[in-house]
Amino acid sequence: MHQYRGKLIVHTGSMFSGKTSSLWKEVNRFKIAKYNVVVFKPKMDSRYSKEKVVTHDKNEIEAINVDNIDDIVEYTKTHDVNVIAIDEVQFINSKADHFVKQINYLLEKGFTIIAAGLDMDYKAKPFQLVKELLPICDYVEKHHAVCAVCGNDAWVSYRISDDKNRIQLGASEAYMPLCRKHYIEKMNEKKLTELQTTYLDKDKKIKTQFSITKLCFFYSG
């Protein structure tokens, strides 16, 4: 597999689409071919394990926790490594331009890099690091989960909860894969519910203020 020397392989898509499973398969493939492979994951990703990359179907790979891309670069300077695998790459804590610079540095040094990560957040907004990797990668595979409503290819991960933070770790209890059509429908339903709740809260507040005003007027009289 010498043809992958200095190459960047990217697996991206929504949650439950098989990105990490594909990374797991690639890692095992390189290990069988007697390459020295090391797997990295962001420290913040502790859903299933702190020391391992775990697929949704419970396949495991030993992994090293890192904060940023510099941690990975420094590791390669003191260890015998041929292949670098990075899971949940969108959560690596590095600015996009510096991240790309360091990735290119590693590729120029002859490392093979396999990266797996979400392409978009729950609002269908691109994750910057993955967005920056796509133009410079040698191979890319866009993975699709199955839409939880209609069974077609999913497009994005819909957040079930009302949490507004961009990053919320979770699995099927917090997210569901949806196609574009049903994602838009669900988001419109959620927006309508939020508007109704806001209206009811404002109406309740106005009525409460009106009652207090009447009460004050009564006692002042």
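Going from the start of the chain as shown, residues are counted 1 onward.
Each Cβ is built from the backbone N, Cα and C atoms, and glycine gets one as well.
Since we're looking at a predicted model, the values are computed, not measured.
Counting only same-chain residues six or more apart in sequence, the Cβ atoms lying under 8 angstroms from the Cβ of Ser17 (ATP binding site) belong to His143, His144, Ala145, Ala154, Pro177. TrEMBL lists Gly13, Ser14, Met15, Phe16, Ser17, Gly18, Lys19, Thr20, Asp87, Glu88, Val89, Gln90 with the feature ATP binding site.
Residues or ranges marked as active site, proton acceptor by TrEMBL: Glu88. When secondary structure is read from DSSP and collapsed to three states, Glu88 (active site, proton acceptor) falls in the coil class.
For the recorded site, Cys147 (Zn(2+) binding site), the DSSP three-state label reads coil. Summarising the annotation, TrEMBL assigns Zn(2+) binding site to Cys147, Cys150, Cys179, His182.
Taking Cβ-Cβ distances under 8 Å and a sequence gap of 6 or more within the same chain, the neighbours of Tyr175 (substrate binding site) are Met15, Phe16, Tyr122, Ser157, Tyr158, Arg159, Ile160. Under the heading substrate binding site, TrEMBL lists Ile167, Gln168, Leu169, Gly170, Tyr175.
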>> Suppose the Zn(2+) site is Cys147, Cys150, Cys179, His182. Which further residues of the same chain have a Cβ inside 8 angstroms of that site's Cβ centroid?
In response: Ala148, Val149, Gly151, Asn152, Ala154, Leu178, Arg180, Lys181, Tyr183
> Three states by DSSP: which one describes Ser17 (ATP binding site)?
Replying inline: coil
>> Taking every protein chain in this structure into account, which of the binding-site residues Met15, Val89, Cys147, Cys150, Cys179 has the most other Cβ atoms within 10 Å of its Cβ?
In response: Val89
>> Let's check the environment of Glu88 (active site, proton acceptor): how many other CB atoms sit within 10 Å of its CB?
In response: 21
> Roughly how many angstrom lie between the C-alpha atoms of Lys19 (ATP binding site) and Glu88 (active site, proton acceptor)?
Replying inline: 9
